[in-house]
């Protein structure tokens with residue numbers, strides 16, 4: 001397999017150049033015909049000639065170009081990366097792991113024969129050395145490029161798990177009211193008592209930090225957890241504005257137009273004096289950035305907020321986001337991998353009301369929403 005990447009293999013080199021040119025053409029078409037905003041051109045652009053070709057083609061179409069180079073000089077880290085990332089790639093499906101490692105090392109050797117590090121003074125680029133131990137940036141301009149730099153400076157490849165949990169059932173949940181800052185119900189307090197055991201069983205002796213919102217129901221849910229805790233205002237529930245403290249029936253009676261508009265476009269609808277899901281997504285950006293640089297984290301917060309973060313890690317489209325099922329008294333464990341997130345749900349055997357509202361409330365067949373078909377464990 002590795003011979004395809006040998007620069008002394010004219011057929012392989014020709015095929016690789018053709019594939020790269022076609023991919024670049026597709027990317028440009030996406031920008032021009034489908035109003036694309038940001039594209040990642042993932043190829044082995046390790047020569048000055050290849051980078052010059054990409055830049056020239058993009059400039060013809062007024063596309064800003066930013067190169068990202070990752071340099072790794074740590075042999076142990078390289079081997080770990082091959083084991084964690086490359087062996088799970090489509091290239092090595094059904095290939096013996098030992099043979100795959102040997103083949104990929106040979107592929108790296110072929111790359112090294114023609115490799116020219118990026119140092120073009122007039123190019124915009126970021127160079128990450130040994131997974132961010134050293135970072136070199138050049139000609140970074142504007143908000144988006146600076147945010148990409150910030151994101152890449154915070155990303156790491158250490159194994160970790162992210163635990164999501166809604167607060168325990170609250171008094172407002174029992175009454176069917178949205179928003180508010182109510183206390184936990186008796187069953188919610190039972191969940192708070194059971195949560196430390198669930199986390200300990202699935203974390204082991206690893207370190208963990210707990211993040212909550214500033215609202216009472218999340219703080220009460222996390223109070224018995226024996227880990228460092230941090231409150232984030234940004235993790236507070238979606239602000240329901242003038243509808244705060246109402247039931248959905250009351251919202252429909254007092255604000256029928258708003259009720260209908262929210263059902264029509266739940267992601268973009270903004271409560272009067274409150275927020276939309278789109279607003280919450282923007283509000284969560286610093287939380288997501290901080291989350292990317294952390295190791296093991298348990299986030300105890302709210303249905304709307306967890307939907308946004310869950311959609312981020314699973315790369316779900318925005319029209320699905322408001323309907324993701326995040327049930328009460330359930331811990332969701334996400335383990336980021338190279339090609340997505342592994343997920344397991346741990347359901348605690350303490351009853352709670354179901355606050356999920358499907359896309360069309362009249363179609364009960366949709367009531368299960370997203371999240372089904374995933375491994376689920378029950379805890380007494």
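Numbers here mean position along the shown chain, with the first residue as 1.
Note: Cβ is positioned from N, Cα and C throughout, glycine not excepted.
The domain '6-phosphofructo-2-kinase' annotation in TrEMBL covers 3-158. The annotation substrate binding site is assigned in TrEMBL to 166, 167, 168, 169, 170, 171, 172, 173, 217. Annotation source TrEMBL lists region 'Disordered' at 355-380.
One way to see the shell of the substrate site is to take the Cβ centroid of 166, 167, 168, 169, 170, 171, 172, 173, 217; the remaining same-chain residues with a Cβ within 8 Å of it are 182, 184, 185, 188, 328. In the three-state DSSP scheme, residue 168 (substrate binding site) falls into the coil class. Within 10 Å of the C-beta of residue 166 (substrate binding site) there are 29 other C-beta atoms, taking all protein chains into account. Over the domain '6-phosphofructo-2-kinase' (3-158) the predicted model carries a mean pLDDT of 90.
With a 10 A radius on its CB, residue 217 (substrate binding site) counts 29 other CB atoms from all the protein chains.
For residue 170 (substrate binding site), the number of other Cβ atoms no farther than 10 Å from its own Cβ, over all displayed protein chains, is 29. Spread of the substrate binding residues is 14 Å (greatest Cα-Cα distance among 166, 167, 168, 169, 170, 171, 172, 173, 217). For residue 168 (substrate binding site), applying a Cβ distance below 8 Å and a minimum sequence separation of six or more within one chain yields 184, 185, 187, 188, 189, 190, 191, 192, 195, 217, 220, 221, 328, 329, 352.
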